[in-house]
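A.B. asks: Dropping a structure here in structure tokens format, bear with me for questions.
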Amino acid sequence: MLRSFSGAGKCKCRIPVSRQPVCGRSLRISSTLTPWNQSRRAASTVTSLDSFPNVGEKLHGFTVQEKKHVPELHLTAVRLKHDKTDADYLHVAREDKNNVFGIGFKTNPPDATGVPHILEHTTLCGSEKYPIRDPFFKMLPRSLSNFMNAFTSADHTTYPFATTNRQDFQNLLSVYLDATLHPLLKEEDFRQEGWRLGPEDPRSILTQGEQSKGNLQSEDVVFKGVVYNEMKGQISDANYLYYIKYRESICPSLNNSGGDPQYITDLTHQQLVDFSKRNYHPSNAKILTYGDMPLSVHLKQIGEVLDGFEKGQADTDVKLPLDLSRGPLNVTVPGPIDTFASEDKQYKTSTSWYMGDTTDVVETFSVGILSSLLLDGYGSPMYRALIEGGLGSSFTPNTGLDSSGRVPIFSVGLTGVSEADAPKVKSTIKRVFEESLSSGFNDEKVQGFLHQLELALRHKTANFGIGVMEKTLSSWFNGSNPMKELSWNEVIDEFKKKYEQGGYLESLMQKYLMNDNCLTFTMVGTPSYNKDLDDQEMVRKEKKLSELVERHGSVEQAVSALAEEELQLLKIQEEAQNADLSCLPSLRVEDISREKERKPVRESKMDDIDVVWREAPTNGLTYFQALNSFEELPDDLRLLLPLFNDCIMRLGTGDKTMEQWEDLIKLKTGGITTSTLHTSSPTELGKFREGLQFSGYALDNNIPDMLQILTTLVTETDFTSPHAPAMIQELLRMTTNGALDAVAGSGHRYALNAAAAGLSRSFWVQEQQSGLAQLQATANLLRDAESSPERLAELIDKLRLIQSFAISKGSGLRVRMVCEPSSASQNEIVLQKWLAGLPRNRSPTSPLDHTSVNSVANRVFYDLPYKVYYSGLAMQTVPFIDPSSAPLSVLSQLLTHKYLHPEIREKGGAYGAGASNGPIKGFFAFTSYRDPNPVNSLKVFQNSGIFARDRAWSDRELAEAKLGIFQGLDAPMSVDEEGARYFMSGVTHEMDQRWREQVLDVTAKDVNEVAQKFLVEGSRQSICLLGEKKDWADSDDWEVRKLSMNASGEPVIDPLSQDGAVASA
């Protein structure tokens, strides 16, 4: 998996968005040192410093270098080095049963062929101890892990997992260590995962006979490979493309680790093997373990593997960015057109400065605060000057402080900029610097950020260990001490000391930003960009074919040879599906408890409002959630709910600007959110609730303030202020700008939502709230608002109407509180008072109109400028309490691992494919992701029912499917999520317990029967594809649609009509 383009350790771009108000063989002990007495461990707690060996002591071939207790994070960290290989090791002990392992290697890419990324994939395709094909994916259903992945970052590659089961941990540890240190790296795996040339549909050769190979033409040959198609998908995301081209410009010595499709096809198998030998060695590794398992157990198992190696050469080369000390640099590159932006605003431009050295942990923390002060929130000076000032529509993806490398880089930029305004962006940024330096920074804002850090330390998350790994690895690989990264209080205290002396943040600004030593990077939307990529790919293909023709003598023989290679790969893939997997370790279904852990809640009534309480250890925090559901909401108002949520966190009230509200939110809360609500009934198919939900958390004593802030923002946001119309248009631009990139990142989900919209009104409503229909409606709103003051006024009137009933006392309101038992009584008093002050208004209603659902086409193709495809197929099934629900979930796991993965990913080259059962929503789904051949994938989807019905499922296969379900079902839960399932959907503990038992008791016969009933006989199916339209989309009854500011032909709701009528955009 390619690491997110923002990079580990990256302070992500702080774009003010809706619902976001703020923003690791034998025991060898030297006789000259005191052996570590393991018996001391048994009498101590997990994090007691005395329970760990002292500095200089040895254990299982490792020597302790540092150890430290970090009370604010309730952990103890021990840093060790493996004596024989010099492998670095960090153990983080914490009272957390969700244990984590990670091993990473420094992998500076030598070029842009993506060798680190392709190696990450092929490393997981078989090893010496586990010589089966693809043990990584084979382990997914043999484990109860709640996190299992691999990441290629800019300069290192990491293989992490997390699980609460200790035997599972040791199983996965064995597989991960052997995969990374003893990979097979077979050439056929390189061809499957990396790249190859071959006939687009080799299955046709099998169906038409061997003689058909001679009929293949050069046009039938295409580039294939999982990573190749993944990266084609990545560059379809203009945000990713902008970021990666920016990184190539500012740090040209650090090549594209993910791989540029233009260069991936230059990589050879031998180059991959050589890169692995150089880099995947313990001497070049960083290892991290986290959790409550004993350190000695880890060291024994890991040490036995590392002792099989001799000391090698570590890659300590830290790639540095360009030298900017001689003055400014400017780089301009072409990019794709954003069809959701105006034709005259196709520029993306940013300017970047260096901010010191990340090994200075305190200063890096301090410049992070400085970055937040300049960029966070609607009231930030950069937002006001750049976006509110009308120069662009949103921040560029590199905006913020990037501390993933040795040199922190601070960038500010805008998308949706006109050619004339592009030069003004930098000058405006510099003006903001000058004004901020002159006026200084408001102490209240700094205290607000520090308060947020205090709450972050108190907040108990389920994935804390993975967060520790992500926080430490990037800087560790670039020379920082990970122990310092974990010392939160020391860093904060040192910052406070410097800050209290006065002028500290301003001095950092003067030191790093008040100069012209910067790089300005600009991407210009070019109409021919995507066609140019296609042409370049064709040239590369012709060059490869010419080389093959020289070798084979003719085009026909060259293409026939490629077909033969493809058939050989297909044969290997087919054989792998029936391989003996007995060498792989596995948990058993018997390891799963039949009893669901009970998280008791209590219910009360206050003023006729249902309140659900969950009392649990929360470190002095109280979490609040309220749902306000609306019955039969008019369609035109529904489409405006997301925009209403945006407005609540943007417009401000009569007596306070949004900047003032943001400061108060940071000082008094951990954040408040508003969002749309859509939940399904577990007992009745198609029954659902929609509306708005509100949530937040704060220290117990700040809950009254938090509730007051929330209520005031919802009920008193000033839609009538002179600034409101411009702000609303600004919000619409932010949503539409980059909408295509948002879809590309989760294209399979958007395709599935659009497909499901034709199944029932519930799914149709969901699509209107959060799917492609919502994106197009938003674009239409922007178009109308910019062209017609009258339409903008109508929009504001409807937003004010929503405000009148958004949060009100009535049958639709429900509340959930999570707090310490000792805080419950005081919170009851506070809540009672808050409820008493709410207005009592009902939402307007309209008769249910099912024509909108019935008119949705069963086969929809969205013509979008992507180089790969995303597909979704949906069918309605049964509610959660139906006996068929559990076997349908087992069926989805079986199809994913035993049919769809080998057919669509391994053979078809898609990055991903799977089946899923939505037990609460009552639908069964198929999806593919970054898929080069969606037509074939749809055939596989449609053949799945017969495959599952006719297969004699083994006990082992059933057990694996059940383990896969319980990975999610029994995954650790953050304290604020406890009780949420019952509160949101009405799923009781007894319902969950019954479903759990039904899953555990599913038989092969049950699976065959639900496959026949729902997939073969089945009810109505709906399909949606996203991607570049090809000739085949003109047939097969596809309804072709577009998404853009000027889309036409698809039926959309007009949110500004009087009755929410369906119209043509």
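Every residue gets a Cβ built from N, Cα and C, even glycine.
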A.B. asks: Since Swiss-Prot lists HIS117, HIS121 for Zn(2+), which candidate among GLU200, GLU219, GLU230 does it give for that site as well?
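C.D. replies: Same Zn(2+) site in Swiss-Prot: GLU230.
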A.B. asks: Can you tell me how far the Cα of GLU193 (active site) sits from the Cα of HIS121 (Zn(2+) binding site), in Å?
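C.D. replies: About 6 Å separate the Cα atoms of these two residues.
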A.B. asks: Work out how many Å separate GLU120 (active site, proton acceptor) and GLU230 (Zn(2+) binding site) at their Cα atoms, rounded off.
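C.D. replies: So the Cα of GLU230 (Zn(2+) binding site) lies 13 Å away from that of GLU120 (active site, proton acceptor).
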A.B. asks: Hey, of the binding-site residues listed (HIS117, HIS121), which one tops the CB count within 10 A?
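C.D. replies: Checking each of HIS117, HIS121, the winner is HIS117.
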A.B. asks: Among all the protein chains here, how many other CB atoms are within 10 A of the CB of GLU193 (active site)?
C.D. replies: 27
A.B. asks: Neighbour count, 10 Å Cβ-Cβ cut-off, for GLU120 (active site, proton acceptor): what number do you get?
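C.D. replies: So the number of other Cβ atoms within 10 Å of GLU120 (active site, proton acceptor) is 26.
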A.B. asks: Tell me, by DSSP, whether HIS117 (Zn(2+) binding site) is helix, strand or coil?
C.D. replies: helix
A.B. asks: Provide the number of Cβ atoms within 10 Å of the Cβ of GLU230 (Zn(2+) binding site), excluding the reference atom itself.
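C.D. replies: For GLU230 (Zn(2+) binding site), the 10 Å Cβ neighbour count is 27.
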